[in-house]
Amino acid sequence: MDIILLGPPGAGKGTQAQRLEQRHGMRQLSTGDMLRGAVRAGTPVGIKAKAVMDRGELVSDEIVSELIDAELTAMGDDVGAIFDGYPRTAAQASALDEILARHGRSLDHVIELVVDEDALVERITGRFTCANCGAGYHDSFKQPAKPGVCDECGATEFKRRPDDNEETVRTRMVEYRAKTAPILPIYEERGIVSRVDGMQAIDEVTGNIDAVLA
Ligand code: AP5
Ligand code: MG
Ligand code: ZN
């Protein structure tokens with residue numbers, strides 16, 4: 001099964017994708033994570049992407065579609081994919097169709113996380129992740145069970161994203177409204193869009209997504 005999680009910055013795409021990986025043995029394909037990996041590694045893609053990401057704008061369609069194609073090739077055809085933060089433009093949506101067809105795959109569900117934009121700035125500016133395993137946390141909504149210690153791996157180092165400041169978040173939202181929200185009708189025409197209320201507690205959102213996938 002291949003699915004897209006669609007929603008603005010802070011909607012909970014990464015949080016829910018990590019849970020789906022654990023519950024359904026699927027694989028999270030986050031172009032944001034891939035790009036941040038490239039920035040850390042200092043690859044040519046990373047060097048190009050860094051400034052664009054720090055401004056909250058979108059990197060080029062070609063770059064992200066190549067990253068997705070390479071990941072799908074590496075992971076093999078028997079594991080389901082959760083697309084997180086991709087596609088984000090009409091060009092990426094048609095690139096994904098072409099890439100999936102080439103891999104003999106197709107989309108089963110597009111899950112739109114419906115959220116109230118005003119709440120997102122707080123979600124994003126409070127977010128932090130484990131520096132070792134990447135598990136996601138939040139200052140107010142999801143602290144580790146033992147303060148300062150990752151629930152998943154026991155590490156004690158955490159980090160915050162450079163683009164998680166209010167000004168950049170606003171630009172990321174403008175980009176979402178202008179370029180990403182308009183791709184929904186492509187999938188609505190195919191009858192594969194389900195809406196989930198992303199303002200509920202994290203567990204409830206997961207339950208609603210499970211119901212769509214069942
Ligand atoms: P990307 O990494 O994809 O960021 P984003 O879309 O802005 O989304 P976020 O990761 O900020 O939010 P999320 O929905 O994953 O929320 P999360 O689960 O963490 O992209 C970053 C940049 O890379 C882009 O700006 C662009 O430059 C570039 N890029 C990436 N992909 C691209 C593409 N395809 N094309 C072009 N450029 C691309 O949740 C947020 C916080 O809220 C967490 O702390 C979490 O614990 C908390 N939370 C989650 N759910 C709940 C809940 N239900 N209740 C309370 N708190 C919650
Ligand atoms: Mg994310
Ligand atoms: Zn960890």
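Glycine too: its Cβ is placed from the backbone N, Cα and C atoms.
Record note: among 30-59, 60-89, 180-209, 30-59 is the stretch given as region 'NMP' by TrEMBL.
When TrEMBL records G10, A11, G12, K13, G14, T15, Q200 as binding ATP, the matching candidate from R127, R160, R161 it lists for that site is R127. TrEMBL names T31, R36, E57, L58, V59, G85, Y86, P87, R88, Q92, R161 for binding AMP. Of R19, R105, R172, the residue it gives for the same site is R172. Beyond the ends of the region 'NMP' (30-59), by six or more residues, the same chain brings 13-14, 17, 67-68, 71, 84-86, 88-89, 134, 161-163, 167-172, 175, 179 to within a C-beta distance below 8 angstroms of the stretch.
Not a single one of the binding-site residues among G14, T31, E57, V59, R88, R127 has a C-beta coming within less than 6 Å of an atom of ligand 3. Within the same chain, residues at least 6 positions away in sequence whose Cβ sits under 8 Å from that of E57 (AMP binding site) are T171, E175. Each of the binding-site residues A11, V59, C130, C133, C153 was assessed for Cβ neighbours inside 10 Å, and the highest tally belongs to A11.
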